[in-house]
Amino acid sequence: MSEGTVKENNNEEFNAYHTLTTEEAAEFIGTSLTEGLTQDESLRRLKAVGENTLGDDTKIDYKAMVLHQVCNAMIMVLVISMAISFAVRDWITGGVISFVIAVNVLIGLVQEYKATKTMNSLKNLSSPNAHVIRNGKSETINSKDVVPGDICLVKVGDTIPADLRLIETKNFDTDESLLTGESLPVSKDANLVFGKEEETSVGDRLNLAFSSSAVVKGRAKGIVIKTALNSEIGKIAKSLQGDSGLISRDPSKSWLQNTWISTKKVTGAFLGTNVGTPLHRKLSKLAVLLFWIAVLFAIIVMASQKFDVDKRVAIYAICVALSMIPSSLVVVLTITMSVGAAVMVSRNVIVRKLDSLEALGAVNDICSDKTGTLTQGKMLARQIWIPRFGTITISNSDDPFNPNEGNVSLIPRFSPYEYSHNEDGDVGILQNFKDRLYEKDLPEDIDMDLFQKWLETATLANIATVFKDDATDCWKAHGDPTEIAIQVFATKMDLPHNALTGEKSTNQSNENDQSSLSQHNEKPGSAQFEHIAEFPFDSTVKRMSSVYYNNHNETYNIYGKGAFESIISCCSSWYGKDGVKITPLTDCDVETIRKNVYSLSNEGLRVLGFASKSFTKDQVNDDQLKNITSNRATAESDLVFLGLIGIYDPPRNETAGAVKKFHQAGINVHMLTGDFVGTAKAIAQEVGILPTNLYHYSQEIVDSMVMTGSQFDGLSEEEVDDLPVLPLVIARCSPQTKVRMIEALHRRKKFCAMTGDGVNDSPSLKMANVGIAMGINGSDVSKEASDIVLSDDNFASILNAVEEGRRMTDNIQKFVLQLLAENVAQALYLIIGLVFRDENGKSVFPLSPVEVLWIIVVTSCFPAMGLGLEKAAPDLMDRPPNDSEVGIFTWEVIIDTFAYGIIMTGSCMASFTGSLYGINSGRLGHDCDGTYNSSCRDVYRSRSAAFATMTWCALILAWEVVDMRRSFFRMHPDTDSPVKEFFRSIWGNQFLFWSIIFGFVSAFPVVYIPVINDKVFLHKPIGAEWGLAIAFTIAFWIGAELYKCGKRRYFKTQRAHNSENDLERSSKHDPFEAYSTSTTLQSEINISVKH
């Protein structure tokens, strides 16, 4: 590739620099390894590719945002309602609706502002300065001026300014948790070159360093290969910017098809029918439907008057149209969600976007990062193998820093490999190993000195410190997480580093916490070991070692630890033959040790080896000693292999229980991690994400359940869609792998949540239907990209969020049913009312416009809020997730809406006609839709009766929909008395109770207060008509109870006809049972038995 090409496209097409040697990379990008770029060339490239930033600060277009907030179906219905309210001079209702519109617009402004903060938080991650070589000279420049081809120098404490192909490394480690989510530093090696035919994930490209990663050790030099949005961190920023995707430019379609698709998308976005959460999309579609029904009803009214439209006909048409608009719906929805968000705070869940609350009820898949989310993000020693001594296991340790927690046991003589393949079952596990060790209560045929040698090595080949903070009385640690895990075990065995060296650690424990071993060994007033030299961990050799002088026996000792292959290459002997004498290490011995390494690795443990050697002053002269302490190769030769340790990042205590409850609630959990596949698989099995008995499943299923990021990314969309099951574990995955997983779930019509805490999780957090970030350890970027933040970083808190989401969805369904049933009742009632004609042949209002608004906005609003506060049903988390496609508008809800609406219409119409023709003379008068005159007495009194009936029926309906099937009088069948049960039902939700009482009482002043009654509401005080209102309200209650009784009988019959299927749904199965070969075999056996 020519320099010109490189300049123009910033190498965005080429992503395989890890497969090139340093010389090939320099030639490819057009730079000199020694001289770097010239000033002229760097300026030319800067002009061509742009500054090394993640884009300009996102500006908020307030006008566009306000327009976007107003121009959707729900808000437009509110605007129309507001206009109608002001048209009929109902200033209070108009003012309330205006306030709701303003709140919605304000929420939109706040959310857009937070979205801008998300991007700006990412942009601030980049390093402000960079050290580069140009014209053969080292200079410091602003990081935004770095261009592809620059030779960049980085050292400890620097933030890498761009993606680099490393050309020199010296003990170079970087923190890539921003990209991979893994907390352990990554050792880099410039000399590595990966094969072009093999797939290498971002986290495994050890010859590259990535923009915004922190240098934690050493120094390095590299060629800048990617800048700005083309870097790995830039790809995350680009994905967070989003794309409206409203304009279709599909080359496979004609311009006419693209135009039609674009028009549909733009219209849907304008009305809110194809954006937002499922509930908001459904409500937007409902609003559009109700809008056109309202228009149709208004036309019907005018048609009934032969389109002779005067002011009264227009008002009647507006009244009928208004009856179809649930004006208080958005008010109640917003307030209910706000209250729900406040409740969530007390359950350690912070809701950033109210929409996400109802979305949680539909979640059926959760994709979670591992490190720090499912696990503690800290390392813990789990198994130790010392040849001929046995295997030490550490269990029940919850605090990785606390050496006083956990049980230590010994499996004498057995290695991990032998123990895992033992069929006898009785291996003689010794509990309380520490007490037995110091009481010398161990089997006679094992040598305690083997453990003492290993423990000394583990303690001294280590620079981490573990101490008890006097101020907080808590155990703390400093150092590398791996070394901390080893040092905690050493402290647990009463042999901390400072006990042997005499070094002081900050806030170290008092004398009572000091080791019994150290008290036994250490001479008064002097340290046993004196530190001579250290060979630090090197990414090339993958080990470290320390040289100490033992003041007690006057010997020099070299203690080493590191990756197994690295340590074993330095060893020439071990104690593995008889546990007493040092014997040469043969190839067969190495293979035996390697089997144990694999055995520990298969349990998800990170395995390290330990070795040592010692010699006296008499065995070396001064020159030889100097060579040993200064020459790594000499010091780390002819070591004696001592044993292995397996450490791991333990799951959070509550994770397994949370996963089990998610499965019980019909929610699948997927682990997407940057860790190695063995570790990820073991943790997933430990917490229940994967089944432990994988041998019960076909190989195809097992291969689909567990994949690496490279394997998953290597599949086409069609191949992913053809998988029998989407991966439950993806190891070594990149940010784009997580995004692809979310996309795959969406193609399977799954409604998913994504949890995470790092910058690398941000794109998937944003793409998921619900993004859940961690509040304590989460980055600002992940929080800003999320919908929900867990304030305690507790995976189990997601259960609280899901439960609250389901409760809220249930309650939203209840008050939507209540409000829409009232709309149906009012609309039918007013349409039927067209048959009532006055003496001039004009239709008479059976309800006035203000009466309609009063019932919709005032009477129904507070009970609807009360329904939004209903407690969760006992079986809420035993049900399957809500259907995100159907949402709250199930067939049952739709039928209930019309059923209750028709019953209410009948009751109100009976009350109106009973009053008009039964109690009164039946005269309809003239001009009774405007101002009162003497001929309107009967109409005005009948309106009062109908108004009271509809008001009270609406309130009774609120109680009836608390449970969609149970009788209101049998809500709590466990109560010992029907009277107690009734009062328990009405008093259980006190807000709802007082709302209904207020609604009942409010009917009286509205009917009796002068001026307000006849001038505003167009009705008059009544007497005997109250009896009719009460009677037909009771009739409505009876009708509603009979309808629910019919529903119960119907569903009972359905269950009887589908008993086997119902039993299948109600049982709590292993979520993996459908894929088990043993289940398939059992099904075949059952079928054969039946036949």
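Positions of Cβ are set from backbone N, Cα and C atoms, glycine also.
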Would Swiss-Prot have ASN191 and THR1053 facing the same side of the membrane, if we go by the names of the topological domains it assigns?
yes
Besides ASP369, THR371, which of ASP722, ASP757, ASP787 does Swiss-Prot list for that Mg(2+) site?
ASP757
LYS738 (ATP binding site) - helix vs strand vs coil (DSSP):
helix
Nearest by Cα to THR371 (Mg(2+) binding site), of the binding-site residues LYS561, ASP675, LYS738, is ASP675
Between the C-alpha atoms of ASP369 (Mg(2+) binding site) and LYS738 (ATP binding site), the distance in angstrom, to the nearest integer, is 9
CA-CA within 10 A of ASP757 (Mg(2+) binding site), subset of binding-site residues LYS561, THR673, ASP675, LYS738 in residue order, equals none
Can you give me the same-chain residues 6 or more apart in sequence from LYS561 (ATP binding site) with a CB-CB distance under 8 Å?
THR457, ALA458, ALA461, ASN462, ILE486, ARG543, MET544, SER545, ILE567, LEU608, GLY609, PHE610, ALA611
With DSSP as the reference, give the number of residues of the topological domain 'Cytoplasmic' (870-885) in helix, strand and coil.
3 helix, 0 strand, 13 coil
Quick one: DSSP breakdown of the topological domain 'Extracellular' (1013-1021) into helix, strand and coil?
4 helix, 0 strand, 5 coil
What residues in the same chain, six or more past the boundaries of the topological domain 'Cytoplasmic' (870-885), come closer than 8 Å to it by Cβ-Cβ distance?
278, 359, 361-364, 661, 664-667, 749, 751, 769, 799, 802-804, 806-807, 809-811, 814, 962, 988-989, 992, 1065, 1068
If you draw a 10 Å sphere around the Cβ of ASP369 (Mg(2+) binding site), how many other Cβ atoms fall inside it, taking every protein chain shown into account?
29
Looking only at DSSP and grouping its letters into three states, which state does THR371 (Mg(2+) binding site) belong to?
helix
Contact set of the topological domain 'Cytoplasmic' (965-991) with the rest of its chain, CB cutoff 8 A exclusive, min separation 6+ beyond the ends, reads 865-866, 869-871, 959, 1041, 1044-1045, 1047-1048, 1051
